[in-house]
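As written in TrEMBL, here are the features:
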- 294-305: compositional bias 'Polar residues' (COMPBIAS)
- 324-339: compositional bias 'Polar residues' (COMPBIAS)
- 116-237: domain 'Palmitoyltransferase DHHC' (DOMAIN)
- 292-341: region 'Disordered' (REGION)
- 16-36: transmembrane segment (TRANSMEM)
- 42-61: transmembrane segment (TRANSMEM)
- 161-179: transmembrane segment (TRANSMEM)
- 199-221: transmembrane segment (TRANSMEM)
Amino acid sequence: MAPSGSRSIKRGCQRVLYWIPVLFIALIVAWSYYAYVLQLCIVVYLLVYHVVFIMFVWAYWQTIFTKPMNPLKEFHLSHSDKELLEREDRGESQQEILRRIAKDLPIYTRTNSGAIRFCDRCQLLKPDRCHHCSVCDKCILKMDHHCPWVNNCVGFANYKFFMLFLLYSLLYCLFITATDLQYFIKFWTNGLPDTQAKFHILFLFFSASMFSVSLASLFIYHCWLVCKNRSTLEAVRSPVFRHGTDKNGFSLGFSKNFRQVFGDEVKYWPIPVFSSLGDGCSFPTCLVNLDPEQPSSPTGSNPANKSAAEGRQFPSKPLRESQSRLLTSTPSWSENETGSVFGETITRRTSYRNQNMLRIALGDT
């Protein structure tokens with residue numbers, strides 16, 4: 001009992017420590033609000049300031065408190081499969097079992113050695129772009145990175161929120177820097193009254209300008225990742241498909257890459273509400289060589305069945321209509337932009353995706 005208790009205490013202390021960067025950012029933002037609104041108090045600028053401030057805080061809140069999505073139960077091993085896997089000592093025999101299970105799932109990425117990606121901790125087959133987070137101790141769908149400044153994993157569920165957080169925090173800092181610049185110059189030319197406000201103006205300009213530089217570089221980098229349809233992990237280590245490493249394996253062209261993160265409906269792009277396309281477990285690819293281990297689904301061999309599947313409509317939750325559009329309107333993903341998206345690849349996934357979207361739409365997550 002003692003070791004278990006000590007581990008629980010250690011884990012609890014770690015969770016408290018993880019919130020320190022978030023608390024630091026919160027204090028900086030609260031002070032900047034006080035310094036700008038109450039000390040600088042430029043009435044003309046306050047309306048624009050509050051709009052940017054509200055959007056910044058909203059996006060930051062969503063990034064922090066949106067729970068990362070985990071793989072669906074189809075990717076978890078059944079009890080019988082677990083027992084069968086545990087009885088096998090040889091790695092090749094275990095891979096044969098995993099390959100048999102993966103045949104019914106839309107899994108196209110592999111390890112560097114060509115093996116099925118399997119998580120020992122979570123006992124599941126990893127969906128494409130899914131990785132295990134050592135901090136959260138969970139497998140995260142389309143994991144980008146674990147961010148200490150939000151104390152959360154940035155992945156499929158909150159990547160749009162993270163991008164908007166970077167955007168609005170950058171605009172927030174740039175707006176403060178631009179409007180505070182004239183008063184910062186007056187500070188050095190002794191043009192300001194000798195009050196407490198002059199020191200707030202000085203440090204407000206310094207902090208906003210320094211954060212602007214770091215946020216700008218980070219935002220530009222993630223814009224590049226969105227355009228290329230890559231995560232931070234995939235930029236460091238390219239995904240491995242059956243035909244080999246392909247850094248552009250998930251890229252569908254700028255327009256489709258952007259819409260995969262922000263959705264089809266323009267009115268939701270600047271708002272921190274979920275509008276990303278897909279289910280997070282499977283993604284359209286630009287595979288050069290189709291995976292021979294993934295058999296074609298019945299919908300791929302029967303055009304009538306394919307048309308019926310594409311025309312099938314499911315009830316959806318608010319803001320999920322654009323998400324289902326990616327799954328049901330497969331011809332739009334087979335258009336050619338920067339690379340060829342094979343219709344056969346998308347067709348093989350249609351049946352699986354429609355089943356998942358039906359469960360998601362009905363609230364069975």
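Yeah, the Cβs are placed from backbone N, Cα and C, and that goes for glycine too.
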(message) Within the same chain, where does the transmembrane segment (161-179) have neighbours whose Cβ lies under 8 angstroms from its own Cβ atoms, ignoring anything closer than 6 residues to its ends? I mean 6 or more beyond.
(response) 32, 36, 40, 42, 45, 48-49, 52-53, 55-56, 59-60, 62-63, 66, 144, 147, 150, 154, 204-205, 208-209, 211-212, 215-216, 218-219, 222-223, 226, 261-262, 270, 272
(request) Using DSSP, tally how many residues of the domain 'Palmitoyltransferase DHHC' (116-237) sit in helix, strand and coil. (result) 67 helix, 16 strand, 39 coil
